[in-house]
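What follows is a set of notes on a single structure, which appears directly below.
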C-alpha cells in the first residue's frame, strides 16, 4: 500500500451513494487515507466495482455486488469464526424471549390445544423456510447484516426502509426487555418482602429498572478490546467500545438459553405437581395466535450477523444451524404453550409466569432467570438496532464522513423516543422480517441465478418464483392481520392494577 501521506489528486471528487462527498486534497477529514491500492485504512475498499464494504455503492453505476477485496475479507473470517453449533445457540438465544410467556394465553385465544398447535405448526414451517432463504441470499452476497441483504438485492431505498423497520422493532424490543427485568424484580420483592414493597423508593420499579439498566445492561454492551483491530488508529486510546460482532456473546448466549430451558421445565413440572384452578376452553379466533408466534420466532434480523461469523460457511453448515435452532425453539415453545395452557385453561394470564405461586423456590428461580435472560439478550438486539440507526442517520442527513463523526453524540440523543410505543404491534413487524423481506430477496436471487432454461430448470425457476411470491403475499396478509389485532387489543385493553395490589389478592387466594 502507498505511504499513508499520499493524497488523491487535487480537486478530485468522489461521490458516495449514501451522501459522503470528498472534494478535499485527497484526505478524508476523519483521518482515513486512500492509497494506491484503493483501500481505506479502516478496511473499506474502493475497487473496480465501486462498492464500499458496508454495502454503500460508489458513483452512479448502481452495482449491487461487493468487490473481490471485500469478498476476500468476508471469506478470511472462515478460519477464525465460530462453529455451527455455537451459531445455533446464538440464534436460539435471540429467538427465545418474551414471546414464550404469552404463548399459553395465545393458545387460549385461538380456541385450545388443537387449533393452537395447528397454527403453530403452519407458521413454523414458513418461518423455517424463510430462514433458509435468507441464509442463502446472505451467503450469495457475503452480507453481514439484515439490512445489507435487502440493500444489495433491492437497492438503497428498500435498504433504508428495512433499516427503519429494524430500528423500530429492535428498539421497542429493548424497551420490552427492560420492562421484563423490572417485572421480575417486582415479583421477587413481592414474594419475600411483602405486597407493600413498592412504598420503599429503593424497591420501586422506577428505581430498580434504571439501576438494572445502568449496572447490568450497559456493562454487557461494552467490552475492552483492541482499538487497532476494530476501530482503526484514531480510536486506539478509547478504553471501552461497543461490542462489534455478534459472536462475542458466548457466555451470555449459553446462560440465556439455559435460563429459558429451566423456565420450561418449571412450567412442565407445575402441570403435574401444581394445584391451580382451571377455566373452560374458549372458542375464539384462530388467527389470534399469529402475532405472538410471529414475535416468538423472529430471530432473522440477528441471524444474518451471526451467520457471517460462522467458520466454514458452506450451505450444509448453515442449514444445520438453521434447522437445529428452529428445532430447539419448536420443542421449547410447544412444551411451554401446551403445559401452561393445560395448567390454567382459560384462566391463564397473558404472562403465564404471573399465575404461579412465586413463594415456591423453583418458581422464584424461574422469575430471576427470566430477568437474567432479558439481560443476556439485550446486547444482541442493541447490536442490530445500532447498525440500523447508523445507516438511517447517515443516509437521511446526507453527511460527509467528518460531519457524521462529529455529530455522533447528537444522533444518539435524537433516537430516544418515549415509552408510548405500541409494543403489541411488534408481531406485525416480525412478519415483515420473517416473510416479506426474505421472499423479496429470494425472488431477486432467483432471477439473477437462473440463466439456463431447459425443461428441468424452467420448472425449478417457476417453483422458486411461486414460493417467493407466496411468502410476500402471506407476509403482507400477516402484517395487516397482526397490526389489526394489535390495535384492537390496545383499544379494548384495561389498565392493570400495580403488582403491589395484585400480589395481595394472590396471597389471599393461596392463604384461603
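Glycine residues also receive a Cβ, built from the backbone N, Cα and C atoms like all the rest.
Just so you know, TrEMBL annotations never went through curation; they're auto-generated.
Ranges compared are 274-292, 293-311, and TrEMBL records transmembrane segment for 293-311. Away from its own ends, the transmembrane segment (87-107) comes close to residues 113, 116-117, 173, 176-177, 180, 246-247, 249, 252-254, 256-257, 260, 263-264, 288-289, 292-293, 295-299, 302-303, 306-307, 309-310, 320-322, 324-325, 328-329, 332-333, 336-338, 340-341, 343-344, 348-353, 370, 373-374, 376-377, 380-381 of its chain (Cβ-Cβ under 8 Å, at least six residues beyond either end).
In this chain, the transmembrane segment (119-138) lies out of contact with the transmembrane segment (158-182); the count of Cβ pairs under 8 Å, excluding pairs fewer than 6 apart in sequence, is fewer than 3. Listed as Cβ neighbours of the transmembrane segment (293-311) (distance under 8 Å, sequence separation of 6 or more from its ends, same chain) are residues 74, 77-84, 87, 90-92, 94-95, 97-100, 102-103, 106, 119-120, 123-124, 127, 130-131, 134-135, 138-139, 143-146, 148-149, 166, 169-170, 245-247, 317-318, 321-322, 325-326, 329, 333, 380-381, 383-384, 387, 426-428, 430-431, 433-434, 438, 478, 482. Residues 84-85, 88, 91-92, 95-96, 99-100, 103-108, 112-113, 116-117, 120, 124, 127-128, 131, 257, 260-261, 263-264, 267-268, 270-271, 274, 276-282, 296-297, 299, 303, 355 of the same chain, all 6+ positions outside the transmembrane segment (323-348), place their C-beta atoms under 8 angstroms from a C-beta of that stretch. With a cut-off of 8 Å between Cβ atoms, the residues of this chain six or more beyond the transmembrane segment (251-273) that come close are 86, 89-90, 92-93, 96, 100, 220, 328, 332, 335-336, 339-340, 342-343, 352-353, 356, 362-363, 365-366, 369-370, 372-373, 376-377, 379-380.
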